[in-house]
């Protein structure tokens, strides 16, 4: 009866920037090679779908920024040599998708369309303009070049055309018209035996979210987005896949380990949990059916915590009261957090001990099995913690991954102790003071004053040019 009830209730200054920047970006005018049907301006659909649009717009209320590095400075060491050691904030509302990727220190401070540390692929989950560009340029064309190339093009926040076929008759008639607007996501679903077009309505609801809330990597010369699901979606399956192709996201600057960085694997972890196994979808919990002022039901697009809409979400299946379920979730969250910190402590020591071994003259052959253990330990830890809701989606799987991460980290440290002893080092390897984010960043050699200054200059000069160009090209509303 509870399941039947659930199914019944479903559904961004400066005006005159520097001339050289102006000239660089003014050359970027869109050339449409194909017929483009994706309308990326979300406000276009407000008259037709007012309740959905206003609730989507309300994600701007989710404006608080939580600095994960300040909260847990160990992360700086684990990501030494990678942009995440500069800046890592917890996610906030969809209305900030474009703003946040522009403002994060991870994307650097490019001055031209060919400048900067990251590829175009870093826009891929931020805007319906991505779907528009893929349709216009093809996947290879979209992925080609640096992240800054997309600045004047990708300007509308994650919204309608990311999940809905807004050009379809069904959408015009008020139906969801769900779609996978990223072809690479469609291929990934097929790889795990879930072709989108053959999936049922409930499966499609989660698959649409799974275009972005997933683990992915940048493949080949073009740095195209690919999901590592060829061997399956469990942490070991993806680890095996990455090892087989000898892939690494970066090399840790302390231990010289070829590392893997997990992204936001909510689809994978949800699939492994009790809700996923029972096909309780992302929409059921995060986008419930609610009533407008006239009593008409619509799908709430202010994606958020299910407890904020308890009667329309959890209570559809659970008989416990809100306080009881909150207590259960809090206990699971604390258990995962406690084990997470223990694994991080082991990994921090392992990275510094590996550095000491290299400094003492260790060879590549001696270090290879150790670095492999560090790689696998941190990968398993990261896949567990990068999914911010794992304590709700799959707590048992989270604890299992963290447990295996602890075992791998212990294996690495045991081998390091033996290797260091052969080099005449039997004392404990001391750690620098990493008690704050700032001290940890100093310990790995980051010049944060320079990095921050360059970013502020970028935001004051380049970004306004992007927006001006987008308005001239009709990509942003005036």
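Backbone N, Cα and C atoms are what each Cβ position is placed from, and that goes for glycine too.
Secondary structure at residue 94 (heme c 3 binding site), taken from DSSP and collapsed to helix, strand or coil, is helix. Annotation comment: Swiss-Prot describes 94, 209, 212, 213 as heme c 3 binding site.
For 122, 125, 126, the entry in Swiss-Prot reads heme binding site. Listed in sequence order, 97, 158, 211, 212 are the same-chain residues six or more apart from residue 125 (heme binding site) with CB atoms under 8 A from its CB. Under DSSP, residue 125 (heme binding site) is assigned to coil, being neither helix nor strand in the three-state scheme.
All protein chains included, residue 164 (heme c 2 binding site) registers 22 other Cβ atoms within 10 Å of its own Cβ. If you look up Swiss-Prot, you'll see 160, 163, 164, 301 marked as heme c 2 binding site.
Feature annotation from Swiss-Prot assigns Ca(2+) binding site to 215, 216, 261, 263. Residue 263 (Ca(2+) binding site) falls outside any helix or strand according to DSSP and counts as coil.
For 216, 264, the entry in Swiss-Prot reads substrate binding site, with the evidence type sequence analysis. Cβ-based neighbour count (10 Å, all protein chains) for residue 264 (substrate binding site) stands at 18.
Listed in sequence order, 266, 269, 270, 272, 273, 275, 276, 387 are the same-chain residues at least 6 apart in sequence whose CB falls under 8 Å from the CB of residue 393 (heme c 4 binding site). Taken from Swiss-Prot, the feature heme c 4 binding site covers 282, 285, 286, 393, and the record attributes it to sequence analysis.
Feature annotation from Swiss-Prot assigns signal peptide to 1-26; the stated evidence is sequence analysis.
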Neighbour tally for residue 216 (Ca(2+) binding site), based on other Cβ positions within 10 Å of its Cβ: 23
Alpha-carbon distance [residue 263 (Ca(2+) binding site); residue 164 (heme c 2 binding site)] in Å: 24
Residues satisfying Cβ distance under 8 Å from residue 215 (Ca(2+) binding site), sequence separation of at least 6: 227, 228, 238, 262, 263, 264, 265, 268, 383, 386
Site diameter for heme c 2, Å, by largest Cα distance between 160, 163, 164, 301: 13
For heme c 3: widest Cα to Cα gap among 94, 209, 212, 213 in Å: 12
Whole-number Å value for how far residue 282 (heme c 4 binding site) lies from residue 122 (heme binding site) (Cα to Cα): 24
163, 216, 261, 285 screened against residue 94 (heme c 3 binding site), Cα within 10 Å - retained binding-site residues: none
Residues that sit under 8 angstroms from residue 160 (heme c 2 binding site) by C-beta distance, when 6+ apart in the chain: 39, 42, 44, 45, 49, 53, 56, 128, 166
